[in-house]
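Read through the structure below, which is laid out as structure tokens, and then see the notes.
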Amino acid sequence: MAGTDREKALDAALAQIERQFGKGAVMRMGERSKEPIEVIPTASTALDVALGVGGIPRGRVVEIYGPESSGKTTLTLHAVANAQKAGGSVAFIDAEHALDPEYAKKLGVDTDALILSQPDNGEQALEIVDMLVRSGALDLIVIDSVAALVPRAEIEGEMGDSHVGLQARLMSQALRKITSALNQSKTTAIFINQLREKIGVMFGSPETTTGGRALKFYASVRIDIRRIETLKDGTEAVGNRTRCKVVKNKVAPPFKQAEFDILYGQGISREGGLIDMGVEHGFIRKSGAWYTYEGDQLGQGKENARNFLKDNPDLANEVEKKIKEKLGVGVKPEDLTAEPGADAAGAAADAEAPAKSVPAPAAKSAKGSKAAAAKS
């Protein structure tokens, strides 16, 4: 009897909360619709897999940080382009005043539709972010970068003035305000951040990010991006090999890594990543310098195979779909089509296995080699 009275009292409290704060203000978790997490894909299949859900989650705070020229803005611009291709609206808060529109166009960004703001100080930037997020009309908002969100007092003060903790307090207040609005409007906020070094650290890494600790706590995903190798065509540098580590992940298991190529003037090489993962998971066969897919030759050398996939986007999409289906990432359950005789246990084991780092690519093949045509 006591249990029944308690249940009635709880139901009455829930009803009162809904009347006062609106429907959905409180509910039992079993009553929530079980929908897959909506994502914005990156240009790297390996990173989508490492994130565990097929891309950057919607309605969350995401932090991307790393050393200078490591690919932070490039990775973010690819996410911007993919959000726009899906019909979304995107805003870019360029606090560094360094966005190159021509480079953004090369990565697929629709610069005519991109909402751009170049604020004068940190308070203005975060106030603009808050107003845009609360409009509910954005799919993605990018803040580049946290280090450039300089408080108004610091800008208006003298060069030698001390402003300890101002930026950290500014970030903490802003994140408290916008986090709930981001979730309700399904808007993703990507904060690009820089690295600094703590003085006097004897043990452990001295590296830290700017803006205090608030962003570390509020971020659902934190990605550490590093340049690990220079890609060369003979003696000419043509790009970088980049490694991303998911150091925090609230939507999937963390600490997974992904490697991909960033080519100068082109951005992330999606096709190069598909070749690496296709070979790793057995969809693309590598025999000597030749790459083949289901008996069709893609080309001699990775560069020719990459160009072949770039010229045949349907084939590239097919390879990507098979990789994601095998790993159970970024594919709706109803879209999965199990092949006869497939080893379900093996597929499940592959889905649970952490994403392995792809070894650095070999040097480009001789320029005289040509990609073979696919079978008609």
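FYI, residue positions are counted from 1 along the chain as it appears here.
Positions of Cβ are set from backbone N, Cα and C atoms, glycine also.
Segment annotation: Swiss-Prot labels region 'Disordered' over residues 329-376 (candidates 41-88, 185-232, 329-376).
Counting every protein chain shown, 21 other Cβ atoms lie within 10 Å of the Cβ of LYS72 (ATP binding site). The Cβ of GLY71 (ATP binding site) has 23 other Cβ atoms within 10 Å, all protein chains considered.
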